[in-house]
Amino acid sequence: MFFQQLFNGITMGSVYVLIAIGLTMIYGILELLHFAHGVVYMAGAFAAISCITLFHTNIFVAVVAAMIVSAFFGWFIEIFAYKPVRNAPKITALISGIGMAIVLENIYRIIYGSQTIAFPEQSITPVKTYNLSKNISITNYQIYIIVMTIILIIILHLYLKYTKNGMAMRAVSMDFDASSLMGINVNKIISITFIIGSAMAGVAGTLVALYFNAVYPAMGSMPGMKAFAIVVLGGLGSIPGTIVGGLFLGIVESFADGYLGNFIVGKDAFAFVILILVLLIRPSGLFGKKIEKV
């Protein structure tokens with residue numbers, strides 16, 4: 001049972017990593033808590049199910065469609081919710097993002113309804129279970145999630161390290177004002193950051209929707225809040241910290257559900273218990289840098 005729960009935890013942890021990376025990238029550049037990120041996650045799932053239902057595409061085409069739609073929503077939110085209030089107090093941007101999230105979620109609720117929508121059985125790959133041992137099994141969808149997460153993280157690492165825009169993103173995250181003075185188009189870099197982070201969240205939404213065979217307008221609320229807890233745990237602005245934090249939370253939830261399922265009301269609470277403990281013990285997070293103001 002131990003290794004089975006470990007596999008399950010790594011699966012959900014991989015999803016949490018994909019969601020939270022966008023948040024930590026955005027915070028690293030703007031020092032902004034992007035609470036509309038859950039809507040982007042949800043939009044990706046709806047794009048995938050619409051693509052599969054209407055055009056009968058395979059999963060991989062649906063994932064690409066989800067990335068495109070989520071990237072557009074990320075760009076849209078940045079342009080219309082955050083850019084106009086960029087120089088205002090941080091609380092203004094926070095309220096603007098929450099307001100945009102509420103509006104977009106309710107638009108989806110009007111279009112699709114509040115009920116849970118399932119993927120057409122004939123349009124998706126059937127669930128296949130592979131028995132690794134007597135007590136350990138893994139499904140093809142778990143493999144998709146883990147492999148896709150690894151591939152996207154590698155691509156992101158190479159992009160940030162070797163491309164011109166990637167290096168500019170790292171420069172802006174280190175010093176926003178100095179980067180602007182050196183000629184970096186910070187508005188362009190901010191938009192690219194939202195697009196990349198949102199595309200990864202869209203992939204996460206699609207993979208979770210396929211894994212649980214369920215899509216609904218409010219599906220991004222809890223993952224969005226958990227992503228915030230993960231970013232704080234790993235260290236605000238730290239991508240390695242986010243990866244470790246996401247996997248850690250997924251594994252903790254899996255073991256809690258497997259071993260304490262009869263004694264706890266819900267595993268979702270663990271994310272916020274961890275958040276409180278981190279804020280009390282190490283506010284900078286596992287990989288965060290302590291900043292001394294003088």
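Positions of Cβ are set from backbone N, Cα and C atoms, glycine also.
According to TrEMBL, the features are:
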- 7-29: transmembrane segment (TRANSMEM)
- 35-55: transmembrane segment (TRANSMEM)
- 60-82: transmembrane segment (TRANSMEM)
- 88-108: transmembrane segment (TRANSMEM)
- 141-160: transmembrane segment (TRANSMEM)
- 189-216: transmembrane segment (TRANSMEM)
- 228-252: transmembrane segment (TRANSMEM)
- 258-281: transmembrane segment (TRANSMEM)
Interface present between the transmembrane segment (189-216) and the transmembrane segment (35-55) (three or more C-beta pairs under 8 A): yes
Winner by Cβ pairs under 8 Å against the transmembrane segment (7-29), considering only 88-108, 141-160, 189-216, 228-252: 228-252
Leading stretch by Cβ pairs under 8 Å, where the reference is the transmembrane segment (88-108) and the options are 60-82, 141-160, 189-216, 228-252: 60-82
Contact ranking winner - 60-82, 141-160, 228-252 against the transmembrane segment (189-216), Cβ under 8 Å: 60-82
